[in-house]
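To keep things clear, I will list the structure first and then write my remarks on it.
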Amino acid sequence: MSSPIHTASAPKRDRWQVLVFGGCSVAIAAGAVGYLSGSLVSFQYAISLIAVVVAAQTDQSFRVLPLLMRPAVPVMIAAVISAIYANTLTAEDYSQYITIWTLQIVGFVIALFTPIPNSAISYQSRQINSQSLTAYARALFWLAILSFLAFITLKGIPALGSDIEQGRVDAATSGTGYIRLMAYMSVPSALVLVALKARRHWLYVVAAAIVILAMGNRSPLLYLLVPLLFLYPMKSDKRVSSIPLIGFIVLISIGIVGIGTYRVVSQDSFRSYSEYRIELAQGDYLGIAGTTFEHYAGVVPANAVLAKSLIDEGKLDYQFGTTYLTLFVTAIPGEQPSLDQTIKRLSNRDFVGGGTPPTLMGEGYINGGYPGVVLGSVLVMWLARVFAARTTTDSLADLHTKRIHRILYGYMLTWAATCQVAGLTGASTVPLAGFLALTVLTLIAKGPMNRDGETNDKRHSLVRGSGKRSA
């Protein structure tokens, strides 16, 4: 069967479909004219409009969730925003980028119309054993803290070093292996403990945030904070607006840009960068923040084209999926460069800090060419929809089980959006490791089958017409 659908009333649905059809028709016509006339910018904007409209339409299946918590819209918006600065590329690079970007959009759309079978959500009929899960999560959390203490004993605290960015990278590639990776497991374990409302659960979140910042990292904060937002709709029986979510995301984004700004201000090595030299001399911190944001936005399409060019120019062979296994390779003792470090080395780039994130589409191309781009994006969007379906078909579950489902979905959706910058595993294995930790924890803590378990599976299809939101 396909994903559970809460159907709107017929008149509203008909009006929506007319608007969707009309908007898509206009966008398709504009895109065709732009493409035929050689205006790739017009083509890009037309495809962007079509993609967001289609995402919003298919997300009607999950309208019990706020708009920005539904699976397709955030992922598609991330794809559109990541391409905003693409027209700053050279004409040749822009053409290359639009090709793989369009294939990524195609992959997303294919996933939107790929059915979600019962088998993908049938485990809902088993409740979470909250006592067992609490014990497992606490054990993992304290193991993570011990790993963190072992790491800083061996390597010091990267955030307190004279060169935060390079210190973070050196620590990540210099033989600390699974010790460093285990420290980041404080994130999934803290999320589980908050979902279960364990005693002093917010202290676990604070401790996990301290671990992330001490390690000199920024992006893991997203995986810690954003999933917590998905517990918010459960606090009210009324439909929840996306406005608080937007505000919180803006605050998180400002915080991340602020951390990036501090990184620039606190390191002398950035004074040699022309884009920062004048602003640093004048103490223009807002200007530095703006330049940092523009750099982040502009580097995404450039990195995608760079990743593709390494394959096209024969500097790197097709990897055929091996880069997705870096979690089990780069964490072993010894220096194990990840895909982003490999791209940086092969492209002779020389800049402070980490490697060159391949982006989702660049990572897909490195692994399988154009088909790899499509398959990677299909997988990401389909998984986001699977976990969304699990949160909207758990009406028979107890409160703890529902909260765990929402944490899992929030984590998956965060990964689906951010991987368009970093790739699934191309720049960091932490998101995958955290996802596996969450999945394993919840699977081993599943309790016995509900007495109503069979009914629960049947209700996956019955919810289609109910129009009621799950708790």
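A Cβ is built for glycine as well, from the same backbone N, Cα and C atoms used for every other residue.
Marked as compositional bias 'Basic and acidic residues' by TrEMBL: 451-460. Look at TrEMBL and you will find 451-471 tagged as region 'Disordered'. According to TrEMBL, the feature transmembrane segment maps to 16-36, 71-88, 94-114, 135-157, 177-196, 203-225, 245-265, 369-388, 408-441.
Of the Cβ pairs linking the transmembrane segment (203-225) with the transmembrane segment (408-441) and spaced 6 or more residues apart, 3 or more are under 8 Å, so the two regions touch. In this chain, the transmembrane segment (245-265) lies out of contact with the transmembrane segment (94-114); the count of Cβ pairs under 8 Å, excluding pairs fewer than 6 apart in sequence, is fewer than 3. Counting only same-chain residues 6+ beyond the ends of the transmembrane segment (71-88), those with a CB under 8 A from a CB of the stretch are 41, 44, 48, 51-52, 54-56, 58-59, 62, 94, 97-98, 101, 104-105, 108, 112, 294, 297-298, 300-301, 359, 380-381, 384-385, 387-388, 413, 416-418, 420-421. Within the chain carrying the transmembrane segment (408-441), a Cβ under 8 angstroms from the stretch's Cβ atoms is held by residues 69, 71, 74-75, 78-79, 82, 104, 133, 136-137, 140, 181, 184-185, 187-189, 191-192, 219-220, 222-223, 226-230, 300, 323-327, 330-331, 338-340, 354-355, 357-363, 376, 380-381, 383-384, 387-388, 390-391, all 6 or more beyond its ends. Sequence-distant neighbours of the transmembrane segment (369-388) (same chain, 6+ residues past either end, Cβ-Cβ under 8 Å): 3, 62, 65, 70-72, 75, 100, 103-108, 110-112, 114, 116, 120-121, 311, 318, 360-361, 363, 405, 408-409, 412-413, 415-416, 419, 424.
Here the transmembrane segment (177-196) has Cβ contacts under 8 Å with residues 130, 133-134, 137-138, 140-141, 143-145, 147-148, 150-151, 154, 171, 202, 204-205, 207-208, 211-212, 215, 220, 223-224, 227-228, 231, 327, 331-334, 400, 403-404, 406-407, 411, 429-430, 433-435, 437-438, 441-442 of the same chain, all six or more residues outside its ends. Sequence-distant contacts of the transmembrane segment (135-157) (same chain, at least 6 residues past either end, Cβ-Cβ under 8 Å): 167, 171, 174, 176, 178-186, 188-190, 192-193, 196, 198, 204, 207-208, 211, 214-215, 437, 441, 444-445.
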